[in-house]
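Asks: Shown below is the structure under consideration.
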Amino acid sequence: MLRSFSRLPASVVFRTRATANARTVAVAAQRRHASFYNTDVAGLTEEQAEFRNAVHEFAEKEIAPRASEIDRTNTFPMDLWEKFGDMGLLGITVKPEYGGLELGYFNHTLAMEELSRASGSVALSYGAHSNLCVNQIHRWGTPAQKAKYLPDLVAGRKVGSLAMSEPGSGSDVVSMTLRAARADGGYRLTGNKFWITNGPVASTLVVYAKTEPEKGSKGITAFIIEKGWEGFSTHQKLDKFGMRGSDTCELVFEDCFVPEENVLGPVNGGAKVLMSGLDLERLVLSGGPLGLMQAAFDYAVEYVHQRKQFGKPIGEFQLMQGKLADMYTKLNASRAYVYAVAKACDQGKVSRRDCAGAILYSSDRAVEVTMEAMQSLGGNGYINEYPTGRFLRDARLYTVGAGTQEIRRMLIGREFNEEFKRQAA
């Protein structure tokens, strides 16, 4: 099983999981289109390839058949959380003592990619839970906090979320106004958070607030909040352009008491917690654009070799060959960059400019590739019965989520500014 992946040979691991997750040849045969994922170029080890294949087959069976309905109804299938937990996917970077696999960010990115091929919105909610919430608690939590919250989150019995952005502070996150005032035995939070993925359904949330507003970035603290606490509520679910089914809403705090033991990381040290988490968030979420590009490319390739005009498949016309070549190249160039950054992070070399660069490049290419896939279908690409429109709408999220493209470019440029200043000092 995936839960035992880090401790058993791959051949044993996936045989033991075969019955429980219906990993059969029939499942693969029922897929509507072939996959043109180039395993020879991807550079995966045998165990990484086994891991990716297991996630892919799980997603094809449990998610892909429902992807269109999820998008149409804007509803996340809640039964998936415990299925993710059964597969071990919610604790890929978490230690086994808390129920995790203790693998790395490369495997986490692979999971994000394969889930996104089946449904971009399901994968986005998965990423918010497993990386933004679970990984942050695992990295910064006290032993007591990890023992209390991680087992249920990793098993999928509870849903996690992270709350950073506000109605008036998106890119300028340090200007947040959610106030955490000192109180007897803890803090009282007052204010709002906005665009919060998993907000409507989350039971455990990592929330950032100002403990000492006059100190700016040095006055931010992270907290672990539980659903049902007095003074904490959610507003209506947002009706989004894409990533429909990834539940998103506004959070409201009205004098909500948070006990001292729920401070995550150091008091007034929340900016470090936040920024270090953003680097890894950008990396793991980069798997989303890769999965969407692969799904779009696979669908377009099959379509243009079935659709005939002027007596032959349109894929045999040079203009269409050019489209396929550009889509394929953009996809694989993006994958090579994302995979390289993920491998470096697993070696402890987390590069802020490259984590930003990975999602900057892959998300721009994803918009282009999904747009071309839609164009390859001609009039059918504009009909909602075909999935290419959904691929494009979902891809657009990654140009604004986890930081806008403009902020990512600024971060990369600023990293070089800082490097030259250090050299000159």
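Please read every residue number as a count from 1 along the shown chain.
Just so you know, glycine gets a Cβ as well, placed from its N, Cα and C.
Unlike curated records, TrEMBL annotations are generated automatically.
Note that the structure is predicted; figures quoted are calculated from it, not measured.
Features from TrEMBL:
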- E281: active site, proton acceptor (ACT_SITE)
- 162-171, 195-197, R307, Q318, 375-379, 404-406: FAD binding site (BINDING)
- S171, S217, K218, D279, L280, E281, R282, A402, G403: substrate binding site (BINDING)
- 45-156: domain 'Acyl-CoA dehydrogenase/oxidase N-terminal' (DOMAIN)
- 162-256: domain 'Acyl-CoA oxidase/dehydrogenase middle' (DOMAIN)
- 268-415: domain 'Acyl-CoA dehydrogenase/oxidase C-terminal' (DOMAIN)
Asks: What is the nearest of the recorded positions E281, R282, G403 to L162 (FAD binding site), using the Cα of each?
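Replies: For L162 (FAD binding site), the spatially nearest of the recorded positions is E281.
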Asks: Taking Cα atoms as reference points, which of the recorded positions G168, S171, T197, E281, Q375 is nearest to G403 (substrate binding site)?
Replies: S171
Asks: On a simple 10 Å Cβ count over all chains shown, which one of the binding-site residues L162, L280 is most densely packed?
Replies: L162
Asks: Only counting partners 6 or more residues apart, tell me which same-chain residues put their Cβ under 8 Å from the Cβ of T197 (FAD binding site).
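Replies: For T197 (FAD binding site), the qualifying residues are L124, S125, A128, L132, S161, L162, S246, D247, T248.
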Asks: Fill in the CA-CA distance, E281 (active site, proton acceptor) to G378 (FAD binding site), as an integer in Å.
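Replies: Distance between the two Cα atoms comes out at 35 Å.
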Asks: Would you work out the biggest C-alpha to C-alpha distance among S171, S217, K218, D279, L280, E281, R282, A402, G403, the residues that bind substrate according to the record, and give it in angstrom as a whole number?
Replies: 23
Asks: At the Cα level, what's the spacing in Å between K218 (substrate binding site) and Q375 (FAD binding site), rounded?
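Replies: Distance between the two Cα atoms comes out at 49 Å.
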